[in-house]
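Asks: I'd like to ask you about the structure that follows.
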Amino acid sequence: FAEFDDAANLLAANPDATTISIDEPVEIPKNQHSRLQEPGREEDDELLGTDDSDKTELLAGQKKSAPFWTFEYYQTFFDVDTYQVLDRIKGSVFPVPGKNFVRLYIRSNPDLYGPFWICATLVFTIAVSGNLSNFFIHLGKPTYHYVPEFRKVSIAATTIYAYAWLVPLALWGFLMWRNSKVMNIVSYSFLEIVCVYGYSLFIYIPTAILWIIPQKVVRWVLVVFSLCLSGSVLVMTFWPAVRDDNRRIAVATVAAILLLHALLAVGCLAYFFDAPELDIPAPIIPAHNGTTVITKSH
């Protein structure tokens with residue numbers, strides 16, 4: 001009881017002193033409690049793309065937005081480093097089942113740098129590989145003279161860039177329209193859709209190089225393989241956006257996405273690489289009796 005006597009003497013000397021009861025629970029400050037949960041939650045928000053992280057990124061984008069006629073406005077679309085671009089290329093070439101490409105790679109910082117240069121590289125790869133394929137197919141024929149077809153560059157550029165911009169624009173407009181009808185549809189921005197389509201075309205760059213091989217079976221196997229990889233990225237990205245819609249509309253939307261993607265690959269293969277047979281004119285051989293004999297050439 002000596003301790004109680006000492007405490008009583010202290011209270012008598014300082015009546016304004018506060019005492020702590022053993023039975024009262026000690027409150028943890030809210031700031032400290034939130035700090036304990038912050039690391040794990042930040043990782044979940046970053047990987048899963050929760051609403052809190054989306055709102056934070058949206059507010060951050062609003063803070064650094066600039067007028068569209070200034071250079072700073074377009075500079076934000078190319079504000080990526082090499083590691084981010086390579087990581088997104090790997091994600092488009094090696095898709096992970098059950099992972100959304102936008103939320104996993106794009107949502108934090110969508111860019112136009114990767115899609116622009118991927119499309120430009122694909123244009124020149126298809127044009128150059130198509131000329132080389134035509135050269136190797138007709139190599140050794142006496143009447144064949146190689147002439148580079150530079151018009152293939154412009155045709156490839158028109159096709160690739162029209163697909164990479166017009167199809168995302170149509171898809172974005174469709175999703176916005178369905179979002180006004182169905183509230184549960186996931187909304188993607190136009191920049192995010194362009195980014196997904198741009199990176200999904202990367203697999204066609206090595207495929208176009210291998211299309212030089214003059215074997216139709218090998219080419220079609222490469223087409224199917226490339227379609228499976230790039231098409232799976234598109235399906236896993238846009239199926240969550242339409243799966244809460246009407247069942248027929250959702251299936252038809254995904255089918256249209258895959259059909260347009262397949263038409264691009266098959267069209268490029270058919271036009272740039274499956275060159276038609278040359279129509280060689282038949283030589284005219286004069287006969288000894290004054291008549292001419294025309295021989296057929298195949």
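Glycine residues also receive a Cβ, built from the backbone N, Cα and C atoms like all the rest.
Curation does not apply to TrEMBL; its annotations are automatic.
When I checked TrEMBL for this same protein, it listed these features:
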REGION    22-53  region 'Disordered'
COMPBIAS  41-51  compositional bias 'Acidic residues'
DOMAIN    93-265  domain 'Yip1'
TRANSMEM  112-133  transmembrane segment
TRANSMEM  153-177  transmembrane segment
TRANSMEM  189-214  transmembrane segment
TRANSMEM  220-242  transmembrane segment
TRANSMEM  249-273  transmembrane segment
Asks: So which of 112-133, 189-214, 249-273 has the most C-beta pairs under 8 Å when paired with the transmembrane segment (220-242)?
Replies: 249-273
Asks: Would you kindly list the residues that approach the transmembrane segment (189-214) from elsewhere in its chain, counting only those six or more residues past its ends and only Cβ-Cβ distances under 8 Å?
Replies: 77, 88-89, 91-93, 101-102, 106-107, 110-112, 114-116, 118-119, 121-122, 125-126, 129, 132-133, 136-137, 160, 163-165, 167-169, 171-172, 222-223, 225-226, 229-230, 233-234, 237, 261, 265, 268-269, 273
